[in-house]
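Visitor: The annotation transmembrane segment is assigned in TrEMBL to 13-31. Feature annotation from TrEMBL assigns Ca(2+) binding site to Leu137, Asp189.
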Amino acid sequence: MGPSDFTSFLFKLTSWLGIVWLSTAIVRFILLSDSNKRVYNHTPGPCRILQGIDLLFPSHGSLIDNGSAGIEYVEELRLAFISNGLGGSEEGGIGRILTYEFPEKQEPDRAKIHEAIPLKIQKSDSFREDKFAPMGLSAFTSKGRLSLYVVNAHSEKKNCVEAFTFIKEKSLLQHRKSICDSKFNSLTDIAVVGADRFFVTNLAYLDKGWMQMVELSMQMNFGSVLLFNGKTVEYAEKYFPSPSGIFYDKPRERLVVSSLINEVIQVYSVKRDLSIEHKLDMSLLSSPAGIYVEPKSGDIFASFHPVLNSLIFHWLGEGDKRRGSPSQILRIRMQNDDVSWVVTEPYANDGATISASNDVIYVNDQLLIGSLFGRCLLCDVDYPQLA
């Protein structure tokens, strides 16, 4: 075989490999888009919209829903902290942290006004409210002091986690510091394991926008789980497929991480030195986002984006022009062997009531469901043993 024949052979081989790779990528993208899926509406009981989520936008001159992309529940205070303003902060609005107080279990819920209350923020030199787009959040309580850590997804502050101290008597968050690092390039969620110690998820290697969508659609495993140990940021899991939600199950010393594109929830054990060891993969055939682990039972509640192509258009839209995206909540009951599970679906919606469910908590037989850019929904669970 002469040099010209060998060059021709290499060209043909490269061309065929390129065609095969492109064809495979197209098929994977079609399957990934969930175009064949349909969502059928159902609820676990009566649901109502949580008031106080909407905000007046100067650019629109009207009240519009401002998102509830992250929810953190603090059992000692019966308070849910809700991040508000993920999309609106880029359009002239401000990012806020809201609280919703759950009633005592024996207290009649029907008489309660279901409203989220905004917290005042005492700013520091490193914090600007107009550059605050809160997403995932997590709390740590020690000696009566509550520290709240919030992922700041604003385009100008995307490399930072904002640390606050909560003062309940004044309904106030004192900004302590911004924790920033070059490894924080597409943060989505956070799980605190100690004072100034936390895990965060990098959804992808590339920043937001069409380039990130291309990376995710190609199912490249360039996301990561990072650990901040109080001083430095290090990789806990470097090549992770599109990690979105993360939750630290303290009673069982487990770290639960969701993979948006691979439709998997992964469970890790957390060691004393904060290193993690993979234990379990749960394939769920839907794209998970936020995660909550019920402390007593260990049941995993997760919010899902069941139709991924709808989520893409929802994410890339702006303001009231965003297309609706279906929502789904699954409950995963771990069995005694801790390697098998039972899945039920307490809630599903086609996007008309709540669009793009991004987080969830389960408290006193109630589901509080947050969305990326829209409403927050509170649902009673009438038959918790079945939901």
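Any Cβ shown, glycine's included, is placed from N, Cα and C.
Help me picture these features in the structure, burial and contacts included.
Guide: In this structure, Asp189 (Ca(2+) binding site) is part of a beta strand by DSSP.
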Visitor: Looking only at DSSP and grouping its letters into three states, which state does Leu137 (Ca(2+) binding site) belong to?
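Guide: DSSP call for Leu137 (Ca(2+) binding site): strand.
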Visitor: For the binding-site residues Leu137, Asp189, which one has its C-beta crowded by the most other C-beta atoms within 10 angstroms?
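Guide: Checking each of Leu137, Asp189, the winner is Asp189.
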